[in-house]
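The block underneath contains the structure these notes are about, expressed in structure tokens.
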């Protein structure tokens with residue numbers, strides 16, 4: 001809570017899609033509700049099936065399970081509030097609620113960047129060092145890599161959120177977005193507050209957080225491509241590429257949408273266009289990830305069928 005120009009900010013107002021006609025908002029509510037349910041169901045199924053089926057206890061599915069958990073966590077602070085805004089016009093969010101929104105957005109977003117890089121490294125080891133893969137990616141190593149992927153989210157989210165909300169807020173309290181992202185909240189800081197250092201930190205931090213994992217992914221896939229080209233048979237090349245195609249598609253969706261939001265010139269970023277682009281990585285991508293990994297993966301589809309058959313057989317035995 002802050003005081004500036006005689007105005008105390010106790011809460012913020014998320015404008016969300018309030019400028020749209022009520023009929024459009026109702027349609028958006030229905031669409032986002034369906035997407036959210038698909039996201040929860042798809043990612044939960046991946047977590048349950050990869051835990052239940054012994055054939056999916058490999059490193060690749062261990063990291064996929066982490067990704068699904070991340071996607072559920074990434075959606076949780078954003079989508080339910082957006083649905084409430086569209087359905088009940090509940091646009092207000094408390095000062096602490098807004099800070100919590102932002103904290104978990106940064107935490108899960110940063111963790112996903114690094115986890116995607118870890119998954120690329122896993123594919124690199126599997127294709128470039130197949131004989132040593134079980135030794136290199138043993139259980140201890142994969143747990144360390146997962147922890148290393150999750151950890152950067154803590155300092156980034158803590159510093160960015162704490163620093164931004166330490167500024168005084170005054171005047172309007174309308175956040176021109178459907179969640180508490182850093183740029184629209186920063187615009188509400190009192191004019192007399194010097195935010196230059198924070199803005200520099202935010203830009204440098206974003207570049208490092210996005211580009212470091214992206215560079216690691218690029219290096220991994222350059223070496224993977226070189227290894228695939230050396231495979232003599234077309235069948236072998238297709239099999240090697242198929243193990244990477246789902247991850248490549250997920251990485252492309254995530255990083256392309258992030259780039260459009262955070263690396264375009266400010267003059268090209270109207271608030272409404274930023275909202276629509278933000279939907280791609282906050283709402284759409286978490287839904288597409290389980291669909292991409294399940295529909296393009298026969299091993300997972302077979303394990304899903306086995307899990308359902310086992311669940312049905314157990315249910316039949318229960319009196």
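Glycine is no exception: its Cβ is also placed from the backbone N, Cα and C atoms.
What TrEMBL says about a protein is an automatic prediction, not a curated fact.
Between the stretches 276-295, 296-315, TrEMBL puts its transmembrane segment entry on 276-295. Of the given residue ranges 2-26, 27-51, TrEMBL assigns the label transmembrane segment to 27-51.
The transmembrane segment (276-295) makes no contact with the transmembrane segment (145-165), as judged by fewer than three Cβ pairs under 8 Å among residues 6 or more apart in sequence. Taking every listed stretch (27-51, 63-83, 245-264) in turn, the largest tally of C-beta pairs under 8 A with the transmembrane segment (145-165) is reached by 63-83.
The list of residues near the transmembrane segment (103-124) in space but at least 6 beyond its ends in sequence, with Cβ under 8 angstroms from a Cβ of it, reads 59-60, 63-64, 66-67, 70-71, 73-74, 76-78, 137, 142, 145-146, 148-150, 152-154, 156-158, 160-161, 179-182, 209-210, 212-214, 216-217, 220-221, 223-224, 243-244, 247, 250-251, 254, 282.
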